[in-house]
Amino acid sequence: MRSKRNLTSSDEKDLQKRKEDNLVEIEKRIEEAETSSDDSPFVSDFEDSENDDNETLIGDEGSTDESGSQESELSDSEDEDAVQSSDDDEGDDNAVYANDDKDSVEDNNHSSDSEVDEHDNVGVEDNIDGSDDSREIVEESDSSEDEVAPRNTIGDVPLKWYKDEEHIGYDLSGKKIKKKEKTSKLDSFLARTDDAKSWRKIIDEYNDEEVNLTKEEINLIRRMMDSKAPHADFDPHPSYIDWFTWDGAKHPLSNAPEPKRRFIPSKWDAKKVVKYVRAIRSGQIKLDDKPKEEPKFYDLWGEASSADRQGLAYIPAPKPKLPGHEESYNPSLEYIPTQEEINAYQLMFEEDRPKFIPKQYTSLRSVPAYEKAVQETFDRCLDLYLCPRVHKKRINIDPESLKPKLPNPRNLKPYPTTCYLEYRGHKGPVVTISAESTGQWLASGSKDGTVRIWEVETGRCLQIWDIGEPINEVEWNPELPILAVAAGQDVFILKTRCGNDEHQKKIEDLLHVQPQVGADDSDTNESIVNWVQDDTHGGIRLKHFKTVTKVEWHRKGDYLSTLMPSGESRSVLVHQLSKKLTQRIPFKTKGIHVTSAFHPTRSMFFAATKKDVRVYDLLKQKLVKKLEPGVREISSLAIHPGGDNAIVGSKDGKLCWFDMDLSSKPYKVLRCHGKDITSVAYHRSYPLFVSSSDDCTAYVFHGMVYSDLNQNPLIVPLEILRGHSSFDGRGVMDCKFHPRQPWLFTAGADSLIKLYCH
């Protein structure tokens, strides 16, 4: 609300003088615009003069537009006061002529309005005399006034229809309104940084314009954000005006006669009363009776039903056992314990010891008082009110319905069931066996220090090497007929002479080691393993610094991994046969390693400690996954030919199946063996896997892995193979499948190797 004040004669003259000065200045600018050329400078000068005219005229009308504020910034403070006084002109005139005749006030107002209209017409005529371009600029100029019609005439059509077009609509003359070039976010940010009044600018998407908010519009927005009325002069709580005058009124507001229903009792109330009366008579509503007080205490030892109990649901105490023949004063002789049995009772725990020992008396009169009567009665009382009692709901379920529905083993054939052949010749426990990739030969190693090669189909021993130390591991190369043997701290790569001439020539070149002259002692790999030509056994000898327990070939046959459990950080080594090089795996290993294996298809390596199995990526040189079987100690490991599943055997008789795509926890845990599991193995082509144990058994399972990731692997136990005898507490030491047939080889501590066929 503008404050109104009375103007003196001097102020009025000063105001009139300033108006005249403004009009003179406008006329000068118009004349300058007419004398200028028709080029682009004319348009810019005319726009400046037009803005100045608008600022002056808006100031006369009392508006506080932003353009007026910009003009005031260009002038000094006195001009700003003049513009402000001109803004208040209309209110001031009303205040001055408020005491005069109303007609004179209206005349003055009309005269001032006519002057403004004349100046407006002058500006419009000058604009028309100019050019058509200037007229279009005036029509399409940025304006936030309500009376200015929108440029775009498409109506309520959504703007997304013009998303792929070059225009956003049509103006009043039917011409396309072209889209403006969109600046990048960086340019717009720099422009906002340079412009101090950029916060006043908003984008009108409908007309594709940039609109400057005035002070009045900003004040409206702020008031609406503060949940206030948009206009400051709006009173949300006006004073109440009583439009009816009560004083001296002769007649009421309504002169209609009183209705009859106001003098007759309500029939609905009568019906309600009748309903309550009938409820009282029938006893549903009792007025005089007090609520029944329920007893706070009850008889603990009474035989009352559970309905009379308070608190929790009543559960009757179990009845004491009734006396039988043992409590008789003259029981039968079979109930009376001997002295040896009585002495044995004293060695038992008190909880397991019988509480009553029967005795025999000649008559009931000679039976003495029971010495534990008071104690047992007291214990019975404690059991009744101290021991918790709960209801146990039992469901009668057929145990057979809880068993998983598995296919019939007959439909899963072939799998090994019968012992077909025995390989005899070792004088000590056979620790390890390995089948050649073609399935024609079988290699075995024993604690008697010998390595033997057998012909699978006939059982004939073809070749024997006497290493001189207990054999820990033998493993065939997957590509060539050469054999890796781990014995003590050495690994022997032997020529078996089982292949053709082409293979033998290739093996001769591969197993030849050049003598090392002037080797660098600072080389770490040379200090770990020493490659030496072994002429005694015919092959290569790799000298390690600790006992080697595990040998594993890579699928391509050029790399060989060895495991030394006591080697600490150098416990797992990888050897390249073609270049005669040795290197450590580039990972920090934790714990004591038990076994290791290469991935059958990818460049990944499995290293198993006593508690977990770690999977490493050899190319990226990082840990990929950690499998946690949750067993006491891991003893063996096997990888499925597909590479996504693995089985882990433990020394507590548990066999864990891992689905590595599913979780790091076991998918299935099979508790099948009573003693330590010594070895586990997958078949290369058949869906079979096996586990052997020191309990002299080998369990054969059907393990089908589906290509559909939504279907879980199917595991079905098929057969328990027995036949080995125990020696020195050990049973079946190792087991391997035939590479092409569903046959199984087992090696036992009884120095026998058995072949099981289907």
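Glycine residues also receive a Cβ, built from the backbone N, Cα and C atoms like all the rest.
Taken from TrEMBL as is:
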REGION    1-156  region 'Disordered'
COMPBIAS  10-32  compositional bias 'Basic and acidic residues'
COMPBIAS  45-55  compositional bias 'Acidic residues'
COMPBIAS  73-93  compositional bias 'Acidic residues'
COMPBIAS  99-113  compositional bias 'Basic and acidic residues'
DOMAIN    162-416  domain 'BOP1 N-terminal'
REPEAT    423-464  repeat 'WD'
Take the domain 'BOP1 N-terminal' (162-416) and average the pLDDT across it for me.
83
Mind checking how the compositional bias 'Basic and acidic residues' (10-32) divides into helix, strand and coil residues in DSSP?
23 helix, 0 strand, 0 coil
Summarise the repeat 'WD' (423-464) by DSSP state, stating how many residues are helix, strand and coil.
0 helix, 23 strand, 19 coil
